[in-house]
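Student: Below is the structure I would like to discuss, written out as structure tokens.
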Amino acid sequence: MEDIENPRGSKQVLENREVTNRKKGAAEKLKPEAITQIQPQKLSLHLRVGEPQTFSLKFKRAEDYPIDLYYLMDLSYSMKDDLENVKSLGTALMLEMEKITSDFRIGFGSFVEKTVMPYISTTPAKLRNPCTGDQNCTSPFSYKNVLSLTSEGNKFNELVGKQHISGNLDSPEGGFDAIMQVAVCGEQIGWRNVTRLLVFSTDAGFHFAGDGKLGGIVLPNDGKCHLENNVYTMSHYYDYPSIAHLVQKLSENNIQTIFAVTEEFQAVYKELKNLIPKSAVGTLSSNSSNVIQLIIDAYNSLSSEVILENTKLPKGVTISYKSFCKNGVNDTQEDGRKCSNISIGDEVRFEINITANECPKKEQNETIKIKPLGFTEEVEINLQFICECQCQSEGEPNSPACHAGNGTFECGACRCNEGRIGRLCECSTDEVNSEDMDAYCRRENSTEICSNNGECICGQCVCKKRENTNEVYSGKYCECDNFNCDRSNGLICGGNGICKCRVCECFPNFTGSACDCSLDTTPCMASNGQICNGRGTCECGTCNCTDPKFQGPTCEMCQTCLGVCAEHKDCVQCRAFDKGEKKETCAQECMHFNMTRVESRDKLPQPGQPDPLSHCKEKDVDDCWFYFTYSVNSNGEANVHVVETPECPSGPDIIPIVAGVVAGIVLIGLALLLIWKLLMIIHDRREFAKFEKEKMNAKWDTGENPIYKSAVTTVVNPKYEGK
């Protein structure tokens, strides 16, 4: 062991300033570069292939952090009413941002379109005034930096108040040209290394790479600054930038973009937001009256999320993130790069894992950087690769141990000179006939060289190496391995053995081809202490019931069997009381247990003794209850304890029963009579009420006899006319 070198990876923190803790309005006024929001700032990692190195990164949003905000506005004719509201934006926004930071600067720029056909009209009159009628508009331009970043809100109002609307022909605008210049012209714009916000205000779509061909512009955008006298001068020469190009430049310059667009174009810019990290979209009212609240809301949204990104990794190096955010929220993989809902003063942590899967060809050191999107601070990580052992520098060139000096003996092995092969460099590539050597690398009666798991070098098999270093080919012909054994539950040898040459060698108490058969009989132990209840065999920790009537994990369940009490009832009855169905055959069938008589139920054995015990209560042929217990001791002997006096129910008392029956009949009769009498009273009252009602309804005069008829009959002559 003392001759084995095993260099391990390590990490070393080189710069580790604590994150800044200060309150807004504090007496100390720190410069932006003195404020720290990320820790550590610089470290060095020594990486050995396959061995990950992990470090923790802390991020904390500093309170009262400086902000630079640049307002980029579309000045095409459709934004005329918006310009009036923006003219007073400087001082109003200053007042609002003072609630967030005491160090705020604001700038203003405007854009229209490329100054070539067909985007604008190139007639002399239209170049002077692109608007129709008597509207007084300024000449069209691509991008103009009106005001570099300043802390004077009044100056913003003054210069923006002098701006005039312009015009163009098509609906999409040249905003991407303007964004590119704002991103790359840091000196002219005046960006500091603080939070950088770009507010892009428009009510139209955008041109992007390729659209310049309509105006005969085919050169791709070079991503460089071309401002002369604060005006973009190369719009007619370079095409619009692509979205990917914009993303790259905005990210490089740590600029967070806020798209303030009208409702009509919300869907378009939301799709664009998904492609540009650390950007937000707000709905702009038709006259930009809500722009201040839109900016505040978007800033809060952007600053409440931190997303880590890293520079390009060297070949063979991988990185993974795990986040530890507020309220115990943890994430891995891509979501492990970010934390959301972060307030000012909140601290979050990331666990970063870096692994080298191969050594670089030149074994040079590499540097990568990790930073939160939209912030200027970053973590610098120097990667140093461990690709050789120390003993390699102490090697013996042309060593006698390597076949008479045909190699360098280092770290206990030979590194062959050019043209020599073999474990000890004993073969020459010029002299070796591969067909002759291959015969030594084939198993008997096989055509496979090294079992197809290796190479034949100088008549010896050199087995392949697997990606998983724990998986190894071995054997003279590479015929063995430690990963092709039988599996159980997804594990080689069920996790209960070692795979050797494709055969499992099981740990103690396990057997089977996949070591999945346990020899432990504990799971087979029945409640009576017997293995499988004495009615089966224990195989691989599971009972195999040999009695077909019994089943269950311990062969204790029997659906068709009588219980212990019912099974021994007749024998206990005949031996204790000399009666029952087995009275005549008691001596032959019921002598398989020892019986003890006790005086009362209290004297019966109680639960808690070592032998399994059953308490029984059964009826004999005379309908008397008798009590007994049944148990089996460790020697398999059955013991019965029985109460010597059965409990027989006493006979019924006849006189009270007869008296009760007679009294019941009398009472029922009286009740029936009372009910009949009550019903008759109710019926009579109803009839009398009916009579009274009919009497009241009589139609004749009570003073006349309705049967009387007069004896006088009067006849009138119909022809009589009274003369």
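Positions of Cβ are set from backbone N, Cα and C atoms, glycine also.
A quick note: this is a predicted structure, and the numbers were derived from the prediction, not measured.
Sharing the record's features from TrEMBL:
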type: DISULFID; residues: C131-C137; note: disulfide bond
type: DISULFID; residues: C359-C616; note: disulfide bond
type: DISULFID; residues: C402-C414; note: disulfide bond
type: DISULFID; residues: C416-C425; note: disulfide bond
type: DISULFID; residues: C427-C441; note: disulfide bond
type: DISULFID; residues: C458-C493; note: disulfide bond
type: DISULFID; residues: C463-C478; note: disulfide bond
type: DISULFID; residues: C501-C532; note: disulfide bond
type: DISULFID; residues: C517-C524; note: disulfide bond
type: DISULFID; residues: C540-C586; note: disulfide bond
type: DISULFID; residues: C545-C555; note: disulfide bond
type: DISULFID; residues: C558-C561; note: disulfide bond
type: DOMAIN; residues: 2-389; note: domain 'Integrin beta subunit VWA'
type: DOMAIN; residues: 565-653; note: domain 'Integrin beta subunit tail'
type: DOMAIN; residues: 677-723; note: domain 'Integrin beta subunit cytoplasmic'
type: REGION; residues: 1-27; note: region 'Disordered'
type: TRANSMEM; residues: 654-676; note: transmembrane segment
Student: With DSSP as the reference, give the number of residues of the domain 'Integrin beta subunit tail' (565-653) in helix, strand and coil.
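Tutor: Breakdown, helix to coil: 20 helix, 28 strand, 41 coil.
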Student: If you count other CB atoms within 10 A of each CB, which of C359, C493 wins among these disulfide-bonded residues?
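Tutor: The residue with the most neighbouring Cβ atoms within 10 Å is C493.
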Student: Within 10 Å of C441 (disulfide bond) (Cα to Cα), which of the disulfide-bonded residues C137, C402, C586, C616 do you find?
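Tutor: Cα filter at 10 Å returns nothing.
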Student: List the disulfide-bonded residues among C131, C463, C517, C524, C532 whose C-alpha is within 10 Å of the C-alpha of C555 (disulfide bond), in sequence order, or say none.
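Tutor: Neighbours among disulfide-bonded residues, in sequence order: C524, C532.
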Student: Tell me the Cα distance separating C402 (disulfide bond) from C586 (disulfide bond), rounded to the nearest angstrom.
Tutor: 95
Student: Out of C402, C441, which of the disulfide-bonded residues is least crowded by other Cβ atoms within 10 Å?
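Tutor: Counting other Cβ atoms within 10 Å of each of the disulfide-bonded residues C402, C441 gives the minimum at C441.
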Student: Report, in whole Å, the straight Cα-to-Cα distance of C359 (disulfide bond) from C493 (disulfide bond).
Tutor: 34
Student: What is the interatomic distance between the Cα atoms of C517 (disulfide bond) and C416 (disulfide bond), given in whole Å?
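Tutor: The separation of the Cα atoms works out to 49 Å.
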Student: Find the average pLDDT over the domain 'Integrin beta subunit VWA' (2-389) in the predicted model and report it.
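Tutor: Averaging the confidence scores along the domain 'Integrin beta subunit VWA' (2-389) gives 84.
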Student: Of the disulfide-bonded residues listed here (C416, C524, C540, C545), which is spatially closest to C137 (disulfide bond) when Cα positions are compared?
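Tutor: The answer is C416.
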Student: Return the residue, from the listed disulfide-bonded residues C458, C532, with the maximum count of other C-beta atoms within 10 angstroms of its C-beta.
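Tutor: Ranked by Cβ atoms within 10 Å, first place goes to C532.
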Student: So which disulfide-bonded residues out of C458, C478, C532, C558, C616 end up within 10 angstroms of C427 (disulfide bond), measuring C-alpha to C-alpha?
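Tutor: Those near C427 (disulfide bond) - Cα within 10 Å - are C458, in sequence order.
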Student: Mind checking which of C558, C616 has the fewest other CB atoms within 10 A of its CB? They're the disulfide-bonded residues.
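Tutor: Lowest Cβ count within 10 Å among the disulfide-bonded residues (C558, C616) is C558.
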Student: Checking the disulfide-bonded residues C425, C524, C532, C540, C545, C558, which are within 10 Å of C458 (disulfide bond) at the Cα level?
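Tutor: Near C458 (disulfide bond) by Cα: C425.
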Student: Restricting the comparison to the disulfide-bonded residues C131, C402, C463, C501, C540, which residue's C-alpha is spatially nearest the C-alpha of C425 (disulfide bond)?
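Tutor: Looking at Cα distances from C425 (disulfide bond), the smallest one goes to C402.
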Student: Restricting to the same chain and to sequence separations of six or more, state which residues have a Cβ under 8 Å from that of C478 (disulfide bond).
Tutor: C450, S451, N453, G454, C461, C463, K464
